[in-house]
Structures are given as C-alpha cells and as structure tokens.
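Only one structure is covered here, and it is reproduced in the block below.
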C-alpha cells in the first residue's frame with residue numbers, strides 16, 4: 001500500500017494474459033493492428049497532401065482525422081506492445097500522466113472534428129451554393145485549429161485534476177493504459193467533487209456535440225429525401241455514409257464502455273471493450289473512408 005501519491009513512482013498496467021505465449025500472441029496482434037493503422041492513415045495523409053484536387057474542406061478535415069487517429073493509436077498501443085514483449089507491467093508516473101493527457105487530447109479532438117465534419121456535410125448538401133464561401137480555406141483552418149485547441153485545454157484540465165488527487169489504494173490500474181476512471185479508483189480523498197464538476201463539463205461538451213451531429217443529419221436526410229432523382233439521392237447520401245459510420249462506431253463503443261451494466265463487468269471484458277474503443281477505430285476509420293470513396297482510391 002502506498003501512503004500518498006508523492007511516493008508513487010510508477011503504475012502497474014493490467015496485462016492482457018498471464019501466460020508468456022499468449023503475451024507474445026497479443027504483441028503480434030497489436031503489432032499487426034498498429035502497422036495497418038500507420039499504413040492506412042499514412043496513405044490517406046500523403047494522398048490528400050499530394051493531390052491538389054483533394055484540397056477541399058471535406059478532405060482537409062479527413063487529413064486532420066487521420067493525424068488524430070495516428071496520434072490516438074500511438075498513445076496506447078506501443079506501450080502495451082512493449083509490456084507484452086518484455087513481460088512487464090510498469091509505466092512511470094510521468095509516462096502515465098503523458099499517456100493520459102495525449103489520449104484525452106486525441107479522443108476529444110477527434111470528437112470535435114467529427115462534429116465539424118457533420119457541419120461540412122450539412123453545408124455541402126443543404127446549402128451547396130454557399131458552400132465555397134462559408135467553408136473557405138481560412139474558415140476550415142480556423143475550425144480545425146479550434147478543435148485542436150479545445151481538446152488541448154480539455155486534456156490539460158483533466159490531467160492536472162486527475163494527478164492532483166492523492167492516491168493511496170496501491171498503484172495497480174485495471175486497464176492496459178492510463179485512463180482517468182482507473183486512476184481515480186486509487187484515490188483516497190473525497191476530492192472527487194472537482195472530478196464531478198469536470199464530469200458535468202465533459203457531459204455537456206459531449207452532449208452538445210452529439211446534438212449538433214444529430215441535428216445536422218436530420219437536416220441532411222430531409223434535404224436528401226427532397227432530391228427528385230433516385231441517382232441524385234444515392235450520390236448525396238453516399239458522401240455522408242462514411243462519416244455516419246465513423247461517428248456511430250466512435251460513439252457506440254465509447255458509450256457502451258462507459259455505461260455498461262456492472263453485471264457485465266469483468267477485468268478481461270473491460271480490456272476487450274477498451275481495445276474496441278481505443279484501438280479499433282483508428283485502424284478502421286481510414287478503411288471506412290477510402291472504401292466508399294472513388295476520388296481517394298483513384299488518387300492513391
């Protein structure tokens with residue numbers, strides 16, 4: 001048992017399995033996913049950057065999304081791979097703080113960006129004549145910068161708050177990376193009122209973005225259904241489909257992980273779920289976007 005957080009020099013992460021052979025199997029599995037994510041997101045970034053005809057708002061935001069996906073998966077997976085390979089559980093105190101900060105930063109920036117992308121689709125389909133003027137280069141850069149800056153402040157706030165709470169319940173985290181709820185479980189003080197305040201801020205932020213996305217899509221569907229030709233409807237809808245799938249994947253995995261009933265809770269299931277919402281989306285997003293997109297395929 002640790003007396004207070006100042007004496008904690010490292011945390012122990014949850015291993016995926018207890019046997020050495022399965023640890024190595026996890027390492028290879030994670031390596032495959034990680035390389036696939038690096039390759040797919042890297043391809044999207046270079047393709048959009050190189051081809052001038054892809055320098056449009058939609059692809060500019062997609063490039064940002066690919067950068068965030070790379071950051072997100074690079075925050076959690078390499079450390080988990082190293083731990084599986086060397087059969088350790090350690091992560092240093094500062095390493096844990098950095099991991100938590102970057103994870104919250106990339107995830108919340110991605111959420112902001114997905115919200116902006118729904119606005120982009122709304123403008124393209126519902127207000128096509130004003131699209132070029134309202135979503136010019138400067139507007140797009142400002143919106144992306146606002147998403148990154150908001151996420152940076154949000155992550156800073158959460159990290160500072162989480163690590164200012166005294167910890168006295170040992171140093172073992174029941175998660176394969178440093179995540180806020182698992183660190184707070186080690187807390188011994190009743191200063192979770194501050195965390196509650198932050199949670200309220202988080203819920204408002206998450207709910208605000210969610211409502212914005214839903215309203216955008218309600219308008220989009222109404223506009224698409226008003227298009228007279230079957231082909232026109234199909235074309236308009238197919239530009240939104242990848243975004244809709246990515247948003248659904250992002251939200252459903254996150255919501256289920258946070259709100260699952262305690263009866264379903266077991267350490268192994270929690271780890272599988274956390275892999276589903278932290279590792280799978282960054283690897284799958286580029287596939288979702290490029291599979292349906294002829295322009296990106298041709299450019300590649």
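We number each residue from 1, going along the chain as drawn.
Cβ coordinates are placed from backbone N, Cα and C, and glycine is handled just like the others.
What TrEMBL says about a protein is an automatic prediction, not a curated fact.
According to TrEMBL, the feature transmembrane segment maps to residues 97-119, out of the candidate ranges 97-119, 166-188.
Touching of the transmembrane segment (239-259) and the transmembrane segment (97-119) is concluded from the presence of at least three CB pairs under 8 A, sequence neighbours closer than 6 excluded.
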